[in-house]
Amino acid sequence: MTPLLYVIYLIAITAEAMSGAIMGMRRGMDLFGICLLGTVTALGGGTARDLLLGHYPVGWIAHPEYLTFTIGAAIVTAFIARQLHHLRGLFLVVDGLGLVAFTVIGCDVGMSMDAHPTIVVLAGVITGIFGGLLRDILCTQVPMVLQRELYATVALFTGVLYISLLWLGLDNLQASVIALCAGFTLRMLAIVFSWRLPNFNTEGIRGLD
Amino acid sequence: MTPLLYVIYLIAITAEAMSGAIMGMRRGMDLFGICLLGTVTALGGGTARDLLLGHYPVGWIAHPEYLTFTIGAAIVTAFIARQLHHLRGLFLVVDGLGLVAFTVIGCDVGMSMDAHPTIVVLAGVITGIFGGLLRDILCTQVPMVLQRELYATVALFTGVLYISLLWLGLDNLQASVIALCAGFTLRMLAIVFSWRLPNFNTEGIRGLD
Amino acid sequence: MTPLLYVIYLIAITAEAMSGAIMGMRRGMDLFGICLLGTVTALGGGTARDLLLGHYPVGWIAHPEYLTFTIGAAIVTAFIARQLHHLRGLFLVVDGLGLVAFTVIGCDVGMSMDAHPTIVVLAGVITGIFGGLLRDILCTQVPMVLQRELYATVALFTGVLYISLLWLGLDNLQASVIALCAGFTLRMLAIVFSWRLPNFNTEGIRGLD
């Protein structure tokens, strides 16, 4: 991980842990539940990627200091949650930054395992979105990332752009900076203009089983 | 995998992906969610088995072409979902074929890891049923396979029959064809006659925690 | 595993399987679902720990005899569930014993992988609580362990005490007996006095995403 990516990563897992902690509080969880939900939100994506790729040791097991950030952020959140909503705009920005940073980091891990380019991109997408997905499952709601505005698609775009730039001969730093900027811009535009993937009129559609 | 099993496998993951995609549409998922839910339904069983056995690389990571089938099937489904219900009978047949094929393939993977016969059968059952189980968790409903008519039991029967035939000295092709036919027949009979495992009168039963 | 820990472990997985089976019955599951839910409740914690640590083979795959206990317990439960409620006090005691025994066993596995002390304790906590957490997800309810009275905290306390005693130079048997007794006592006191972690007044707190 380049120093730039590392700093973005630490900021992003802190913000993700805070957003997970708030959701836990709204479900009536106790302090332990809040810390666990914050940590799963922040580190669940990388964990899912590592398990699927067989990439051991898993990120936070090799770097337990990540847990200091996520658990610390969750505990702080438990005491200042009422004030955090005023920072909602800032959170959306940091979350967008985290989404693209997680994706680039996930692609790097995929490449370090000599995976097929499709799998490299998927490793990035999984790193980007599975934290929120696992958080929603623990809160027993249908994962927002499967329903919401352009979010997973931003991860997909970032991952494809990143490995395309590497394939074109750019070095790691150049490719990651361009992919981060382009992916982040797309995410911000998607929020501002409420861009969404096509929805389907599902009225009257019946299941198959 | 024998060519016969391979062809059945590709047909089955396509059908499973379509049934998963339809459930995603009925939950208001966007195109990304539909593709992910279809893929999890089709490939989640094999993935769970590979993670539990430590059998790396996981199936679809070694064979990214499987994703082409599941994602392609999900996208097609998004546009023709309204017509698919007329094919419900066909889907039940293909799903039954998939159930027994997944089970036999899962047993083969278990045996390739030199697992205990109990674990070999369970590897088959997990391959057969965990895709639908993960799909239901992502849709926040109690997994149907834990409640419904003879389904997991068909996988159990198929797995036990398959390894018993191998133990009796039949070769791989003979044993798999017999197990596939017998398991598929049992599944079709279970649908036609609505066979179920015993239910329990649970009125008045109180929890322990 | 010392013989003492092994006996406690077998009793505990039997009791956990029974409590999981009862929850499955109350959700209208069939016999297969009841057996699967009982087994996940009993063995899910150790399985999650082994997957996260990359500790293969997973416990019940190396020792399929554990499945005999959990499946047997679930089947028995299906027939005597109505009588079991009278034993609720006994179950709370055995569940508390299981919680601390699972934690000590999980710490031992973490140490056998040369993990960081933080990860060793977490390996214990995950072993202690993830069975119930996975059971609740399969029943689509927000995991009780994230909301309830001192439960995960008991695992945390037991794990920290256990590795502190080892670090102070006690041998494995001494440290585990003291940690088991102290953790179990804390759990019993928490039940008797309804001790809880702090709750937060979450009225008016809004989410960040």
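Positions of Cβ are set from backbone N, Cα and C atoms, glycine also.
Restricting the average to the domain 'Glycine transporter' (C:7-81) gives a pLDDT of 94. Look at TrEMBL and you will find C:7-81 (among others) tagged as domain 'Glycine transporter'.
Under the heading domain 'Glycine transporter', TrEMBL lists C:93-165 (among others).
Under the heading transmembrane segment, TrEMBL lists C:6-24 (among others). When Cβ-Cβ distances below 8 Å are used as the criterion, the transmembrane segment (C:6-24) is approached by residues 33-43, 66, 69-74, 76-78, 81, 84, 91, 94-95, 97-98, 101-102, 105, 131-132, 135, 139, 180 of the same chain, each at least six residues removed from its ends.
For C:31-48 (among others), the entry in TrEMBL reads transmembrane segment.
According to TrEMBL, the feature transmembrane segment maps to C:60-81 (among others). Away from its own ends, the transmembrane segment (C:60-81) comes close to residues 10, 13-18, 20-22, 24-25, 31, 34-35, 37-39, 42-43, 46-47 of its chain (Cβ-Cβ under 8 Å, at least six residues beyond either end).
If you look up TrEMBL, you'll see C:90-113 (among others) marked as transmembrane segment.
Counting residues 6+ beyond its ends, the transmembrane segment (C:119-138) has Cβ neighbours under 8 Å at 16, 20, 23, 37, 40-49, 52-53, 99-100, 102-107, 109-111, 113, 144-146, 151-152, 154-156, 158-160, 162-163 in the same chain. Residues or ranges marked as transmembrane segment by TrEMBL: C:119-138 (among others).
Residues or ranges marked as transmembrane segment in TrEMBL: C:150-170 (among others).
Tertiary neighbourhood of the transmembrane segment (C:176-197): same-chain residues 2, 4-5, 8, 92-93, 96-97, 99-101, 103-104, 148-151, 153-155, 157-159, 161-162, 165, 170, selected by CB-CB distance under 8 Å and a gap of 6+ residues from either end. For C:176-197 (among others), the entry in TrEMBL reads transmembrane segment.
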Can you break down the domain 'Glycine transporter' (C:7-81) into helix, strand and coil residue counts using DSSP?
64 helix, 0 strand, 11 coil
Could you put numbers on the helix, strand and coil content of the domain 'Glycine transporter' (C:93-165), residue by residue per DSSP?
59 helix, 0 strand, 14 coil
